[in-house]
Amino acid sequence: MERKSNLSLLLLLLVLGMPLVRGSSPLPLVVNTWPFKNATEAAWWTLLSGGSALDAVENGCAVCEKEQCDGTVGFGGSPDEGGETTLDAMIMDGTAMDVGAVGGLRRIKNAIGVARRVLEHTTHTLLVGDSATKFAESMGFTNEDLSTKTSRDLHSDWLSRNCQPNYWRNVIPDPSKYCGPYKPSGFLKQSISPHKEEVDIHSHDTIGMVVIHKTGHTAAGTSTNGIKFKIPGRVGDSPIPGAGAYADDTAGAAAATGDGDTLLRFLPSYQAVEYMRGGDDPAIACQKVILRIQKYYPNFFGAVICASVNGSYGAACNKLPTFTQFSFMVSNSLHNEPTEKKVDCI
């Protein structure tokens, strides 16, 4: 019955003209969100050099942290309301079902490296804030300022625009007109839809990466500096297992990118892997995840990448006026170099 249901969905998507971008190849396989080619290349060469799936994810994400991919990964981007850049990252071992993650990491540039140390040197899953920084220092990471002229200028400009946009509601003074500090307004007004400015696809460009090793071992990971002008302490989907990324050797791996506050509520990466476990092609699994979120948040910004343990892969995204196509990178034995793929949003 499940197979019949999957076939029916596939036929429906084709009839409606919904695009399917899918592929397959002999293992190994690297897939990551956005056209971050250097990250893909680093992960791929790690595999060719004998590294593990975890090594590939860590090295790939670390490249984006160093290169400050699109200003939304690594230091010097997405300042919070106080002007500080903080980092979120996670890495997951789909063989042992083990995870290491950091949220709101301060003053440490290599967030994915710290997440790997959480996985390898603790029995915890997630460390946050100043305590995560202390842990990182104990592991040999350097404490240094994550702000740059670019992030300071972004923050100054935001203040000059009366702190617009921001993420407050039901407070005084009116957050749509004034900066804080804020306090509760005394009454709650239920929003019909979440506060959204015109979507800037460069405000949520988490790198999410999935790797299928030639042995079939899987790994997944993410790294991001979050959203611009977030309320200090905010953590999105990226460092949360099942939300930002997920991997399981018995099915596959997936990662998400976009509006983390919305994505976090649906565990899209876990859901995609479970769809693949049930027999769905990765492209179909990704689309089913997007369609599921659409029911509640039709205007959400997000995309998902999926890869099965047999080397098949796919992606899907939610269509908006300013976001109609999603680019992602693939590296496998069929290509001499990382290849950019595009999928039309649904």
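Glycine is no exception: its Cβ is also placed from the backbone N, Cα and C atoms.
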**Candidates Cys286, Cys317 - disulfide partner of Cys306 as recorded in Swiss-Prot** = Cys286
**Message:** Which one, Cys61, Cys64, is listed by Swiss-Prot as the other cysteine in the disulfide with Cys69?
**Reply:** Cys64
**Message:** Going by the disulfide annotation in Swiss-Prot, which one of Cys179, Cys317 is bonded to Cys345?
**Reply:** Cys317
**Asked** Can you check which of Asn6, Asn310 Swiss-Prot annotates as N-linked glycosylation site?
**Response** Asn310
**Long-range Cβ environment of Val235 (substrate binding site), under 8 Å and at least 6 residues apart** = Asp88, Gly103, Gly104, Val128, Gly226
**Complete:** Students should find that the Cβ of Thr257 (substrate binding site) has, within 10 Å, a number of other Cβ atoms equal to 31
**Fill in**
The sparsest Cβ environment within 10 Å, among the disulfide-bonded residues Cys64, Cys69, Cys179, Cys286, Cys306, is found at Cys179
**Complete:** For Cys69 (disulfide bond), the spatially nearest of the recorded positions Asn38, Cys163, Cys179, Arg234, Gly236, using Cα atoms, is Asn38
**Message:** Checking your reading of the structure: which of the recorded positions Asn38, Cys163, Thr206, Asn310, Cys345 lie inside a 10 Å Cα sphere centred on Thr257 (substrate binding site)?
**Reply:** Thr206
**Fill in**
Neighbours of Asn38 (N-linked glycosylation site) among recorded positions Cys64, Cys163, Arg234, Gly258, Cys317 (C-alpha cutoff 10 angstroms), in sequence order, are Cys64
